[in-house]
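Student: According to TrEMBL, the protein has these features:
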- 416-475: coiled coil (COILED)
- 730-739: compositional bias 'Polar residues' (COMPBIAS)
- 308-378: domain 'PAS' (DOMAIN)
- 368-432: domain 'PAC' (DOMAIN)
- 491-706: domain 'Histidine kinase' (DOMAIN)
- 709-739: region 'Disordered' (REGION)
- 119-137: transmembrane segment (TRANSMEM)
- 157-179: transmembrane segment (TRANSMEM)
- 191-212: transmembrane segment (TRANSMEM)
- 232-255: transmembrane segment (TRANSMEM)
- 275-295: transmembrane segment (TRANSMEM)
Amino acid sequence: MVSQLFTLKSLLCFVVTFACLEGGAELGQLLSFPPRDFATCWPPSGIIVGLLAFAPRRCWPAMLIGAVAGNLFHNWRMNIGFETNVVFTCANFLEVSLGGYLLQRLFGQPFLLNSISRVLTLVLLVGLGCTTLSAFLGATMVNQSGTMTEYWREWFLWWAADVVGVVLFVPITLAVLELPQNIHRFDIKKALEASVLFGLLTLISVVVFFYADPNDSPLRFPFYTFPLLAWAGLSFGRSGGALATIIVGVCGTWATTRGLSVFASHHAPVTSQVLVLQAFLIVTMLTSLLFSVMFESLTTARNELQSTNNLLSAIMEGTSDGAFVKDASGRYLLLNSAGARNFGRPMEEVIGKTDHELLPREMADFVRNRDLKILTSGVVTTTEDTVSFGEQPRTFLTTKGPYRDARGNVIGLAGISADITSLKEAEEKLRRANETLETRVTERTMELTTANLQLMKEMTERSRVELRLREQQAELAHVARVAALGEMAAGLAHELNQPLHAISNYARGVVRRIDSARSTPADLREALAEIVAESDRAAAIIRRVSSFVSKRPYARHPLLIDDLIRNVSTLMTAEANRRHSRLELTLGASSSWVLGDAVQLEQVLVNLVRNGLEAMETTPEPARLLQIESSLVGDKVMVEVRDQGCGVPDGLETKLYDAFFTTKSHGLGMGLAISRSIVEAHEGELSSSPRLPRGTTFRFLIPVHDENQAAENDSDLSDDSSSVAPPATPNTTIVSTTN
């Protein structure tokens, strides 16, 4: 798509350049002296230079090709020989390409005739310089062809025609190219003015050039058109001036080449007529162009000055602070509305006056001395002053700096004065408030210090009481364990008597075999091994009992809840057997660690198991099943103890955990209360619920401990638990039955 667009643009540039050159060449032939061998101007040079100076560089290849093709085609139509045609084309190509390049190189793209320096550059560099090179090349070729013998005459005619073409047609070409940007400026009024102006100019040009006496002075009538040229430049700028000059130039040239104007003297040679006409055209175009450019520059400067003044006024009026400008004598040159309000006077009464005419004498002297220091040093200063306008003093924060002319000389000063009276009053109120606040903070700090000392004293006392309470709770828990052991004494005695009775029997058997002298060492070794096994069994029972009733400080360690359940089941097996009950373990938390005290958690399990066994006393023996199950629920380990007992009577569920409350005929009623306090101390919770058709479920939940922190203690705990019960995999059921 981009390549297609580039091709279309290139074709358009080629066609436009070709057409402009062909049309300009025809116009140049029409404005030549018969029989078309003396051209007064050569429009193609100015037209192509104007197109190249205005167009982007990317369009130049197509435009230059179009210019070359147009030159070759026109010279061919004029029956010019091939060699001469090529030389003429090369000369024109050199002139227009070099001229367009120099204009864009010096002033950028697009080139516009909007300053005197650009006009002079066009005339001197392109109109005189580039045309000189082209004239040398063309005149040399014409002289070599044998058609002319006066080389310098031919060079001068070529050069003069190109100069007039550049001076006349570069401005009009640029004016046409700028027309789309300036068309919005035209309205009906401007259109009527243009019609009147250019119609009147055409009429006067026809009268001056076509009906004047050829024998009259050429310096008289042609210059009657100058007032209208000035009018065109004033009203329509460079575009109007260029068009007006073209009208005058075409009329004058046409009349002169036909022997009608004051320039067409029958007694003077043609070259003299051409020279006078060309001089008139150059002077006319330069006068019109310079006049219109100067007027446009003045108009632009005036508009920029007005815009600057409007901007300055907007800036000064857009601030709520007073802004002012003083001259070196201290008179106010500029002042905004806020500054006038600061003086309490209209702006007109302040402009042109000094501070001595507006302020009290002492204050005015003070301000003037400060202004003189700024004028002398040229340094920007900021001051805070209090001034009395009437009865109410007001405070101003004023920043002043030197005001310089174009040469950098200090000719006055400019400043901004902000009324900070309200701010100063607010600062004073804030200072007083801060003082009051500091006083109150000091008082409050003393009160808080006293309160903190009292609080520290109370916290110390509370810590002492809590420590004593924990000691008493630990003592009570120890008493409860001892009491529980006493209640389980019968079962433990039965459990302990079994290995002791077996040891006694094995020992008597060994004695009898020794007495009979019929035993072998192998027989004795087998009997002694049984004695050792039974003694280890008895020692394990004693060790568990001793660990359960031991009195030691409360300490938390990472442990596995399933190991505690195995220890308690082993400890309570004798009691279950004594009560003709079964224990069923379902362990599902073998890899979940908790942080707790093993003895206290075992006490909770013992209390719950004993309560369950006691609750099943009235239950038929086949149905006496106590289930202990562990599982992982979220980030907590849950242990449930389910019995098949009589359940909890209605209305007593909320009293189960009260101290000294019991539904049994014996006991202190402290088991569940101690168990709840132990579980809550481990950041857990203990609860119960009825079972259907009978029984009760007690459960407690304890948070899971980080396995990485617990890994260090894994080996120690497994060593302790290995002597109690073998490890079990999750969801393994271990059943203990009565013997």
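From the backbone N, Cα and C atoms, a Cβ is placed for every residue, glycine too.
In TrEMBL, annotation is done automatically, which means it is predicted and not curated.
How buried are the listed features, and what sits near them?
Tutor: On the 0 to 100 pLDDT scale, the domain 'PAS' (308-378) averages 86 in the predicted structure.
In terms of DSSP helix, strand and coil, the domain 'PAC' (368-432) has 22 helix, 32 strand, 11 coil.
When Cβ-Cβ distances below 8 Å are used as the criterion, the transmembrane segment (119-137) is approached by residues 45, 49, 87, 90-92, 94-95, 98-99, 102-103, 106-107, 113, 155-156, 158-159, 162-163, 166-167, 170, 286, 289-290, 293 of the same chain, each at least six residues removed from its ends.
If one looks beyond the transmembrane segment (191-212) by at least 6 residues along the same chain, the residues whose Cβ comes under 8 Å of a Cβ in the stretch are 221-222, 224-225, 228-229, 231-232, 235-236, 240, 243-244, 247-248, 251-252, 254-256, 260-262.
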Student: Where else in the chain does the transmembrane segment (157-179) make close Cβ contacts, counting only residues six or more beyond its ends and a cut-off under 8 Å?
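Tutor: Counting only partners 6 or more residues beyond its ends, the transmembrane segment (157-179) has Cβ contacts under 8 Å with 24, 28, 38-47, 49-51, 53-54, 95, 99, 110-113, 122-123, 126-128, 130-132, 134-135, 138-139, 142, 238-239, 241-243, 245-246, 249, 271, 274-275, 278, 281-282, 285-286, 289.
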Student: Who are the chain neighbours of the transmembrane segment (232-255) in space, where the CB to CB distance is under 8 Å and they lie at least 6 residues beyond its ends?
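Tutor: For the transmembrane segment (232-255), the nonlocal Cβ contacts are 30-31, 40-41, 113-114, 168-169, 171-172, 174-175, 178-179, 182, 190, 193-194, 197-198, 201-202, 205-206, 208-210, 222, 225, 261, 263-264, 277, 280-281, 284-285, 288-289, 291-293, 295-296.
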